[in-house]
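To start, the structure itself, in structure tokens.
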């Protein structure tokens, strides 16, 4: 093996272990967020049984479904990390070369900005093509609120993928794909814009204290997450449609989903669970710290 291959393998392993630990640690927050996002589109949660908010959700889940149910869908989330990272590594430089080759970020800012969005969107869409079914299964398993095996819609990851494929074909595993790609581009635009502005306001960006850099990264991640959150809500709602027939289908398509959520639930509905998403983002910062520590050991 070449030195570059060994270095990649070490990074891949350290990143995977760090991601598995952090994703498992924040899985309960992630499940609360998903339930608040999709409960309106769930066949299992009656209107009078819907969760009133984050605290109500945290209190009721262990009572109604057991403590371990906080980690429903976490395995799919952990597995998803490895192909995503490998694909990002494979495509990232290629897309940067295509969209940003020969562009000077100092003299051609807007071209650099557009190229960054295009390369990020293209890399994200390419990775999503391969890992989207895992993201889909993660959402459906987290939204499954039955306590016993007989009450639950799916027995596990494999059962979820097989049942939906039998019912709707491969297409069923890709519900909400288009809006997911749009969300990636919006997230990158917000992240890139806010981060660039924040860094530009610092007196000496290159010699910024690590705590200040961490706080900026946290703030930027939170702001970008809130900006792109409605797209995440719509895609999760679309995921809930797979496996349904006739009158059970709530939305005719993505545009109809946007319209109905706004009309029936109001603009606030697009941001259900957004606060728990911000808390989960702190777990992302933990990953970076953990990743650096693991690299020292491996």
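Sequential numbering from 1, following the chain as shown.
Yeah, the Cβs are placed from backbone N, Cα and C, and that goes for glycine too.
The N-acetylmethionine annotation in Swiss-Prot covers 1.
Taken from Swiss-Prot, the feature transmembrane segment applies to 8-37 (among others).
The topological domain 'Mitochondrial matrix' annotation in Swiss-Prot covers 38-74 (among others). Counting residues 6+ beyond its ends, the topological domain 'Mitochondrial matrix' (38-74) has Cβ neighbours under 8 Å at 23-24, 27-28, 30-32, 137-147, 153, 236-237, 239-241, 244, 248, 250-251, 261, 264-265, 269, 273, 275-276 in the same chain.
Taken from Swiss-Prot, the feature N6,N6,N6-trimethyllysine applies to 52. Its Cβ taken as reference, residue 52 (N6,N6,N6-trimethyllysine) is surrounded by 9 other Cβ atoms within 10 Å in the chains shown.
Swiss-Prot lists 75-99 (among others) with the feature transmembrane segment. Residues 8, 12, 15-16, 19-20, 23-24, 27, 30, 115-116, 118-120, 122-123, 126-127, 130-131, 134-135, 137-138, 141, 156-157 of the same chain, all 6+ positions outside the transmembrane segment (75-99), place their C-beta atoms under 8 angstroms from a C-beta of that stretch.
The transmembrane segment feature in Swiss-Prot is assigned to 110-130 (among others). Remote same-chain partners of the transmembrane segment (110-130), defined as residues 6 or more beyond its termini with a Cβ less than 8 Å from a stretch Cβ, comprise 83-84, 87-88, 91-92, 95-96, 98-100, 103-104, 177, 180-181, 184-185, 188-189, 192-193.
The topological domain 'Mitochondrial matrix' annotation in Swiss-Prot covers 131-178 (among others).
Taken from Swiss-Prot, the feature transmembrane segment covers 179-199 (among others). Within its own chain, the transmembrane segment (179-199) has Cβ neighbours under 8 Å at 113, 116-117, 120-121, 124-125, 128, 132, 135, 205, 216-217, 219-221, 223-225, 227-228, 231-232, 234-235, 238, 254, counting only residues six or more beyond its boundaries.
Per Swiss-Prot, transmembrane segment is recorded for 211-231 (among others). With a cut-off of 8 Å between Cβ atoms, the residues of this chain six or more beyond the transmembrane segment (211-231) that come close are 179-180, 182-184, 186-191, 194-195, 198-199, 202, 270-271, 274, 277-278, 281-282, 284-285.
Using a Cβ-Cβ cut-off under 8 Å and counting only residues 6 or more beyond its ends in the same chain, the topological domain 'Mitochondrial matrix' (232-273) has close neighbours at 32-38, 40-43, 54, 136, 139-140, 143, 163-164, 167-168, 172-173, 175-180, 183, 226. For 232-273 (among others), the entry in Swiss-Prot reads topological domain 'Mitochondrial matrix', with the evidence type a curator's inference.
The annotation motif 'Nucleotide carrier signature motif' is assigned in Swiss-Prot to 235-240.
Annotation comment: Swiss-Prot describes 274-291 (among others) as transmembrane segment, evidence class similarity to another entry.
Residues belonging to the motif 'Nucleotide carrier signature motif' (235-240) score a mean pLDDT of 96 in the model.
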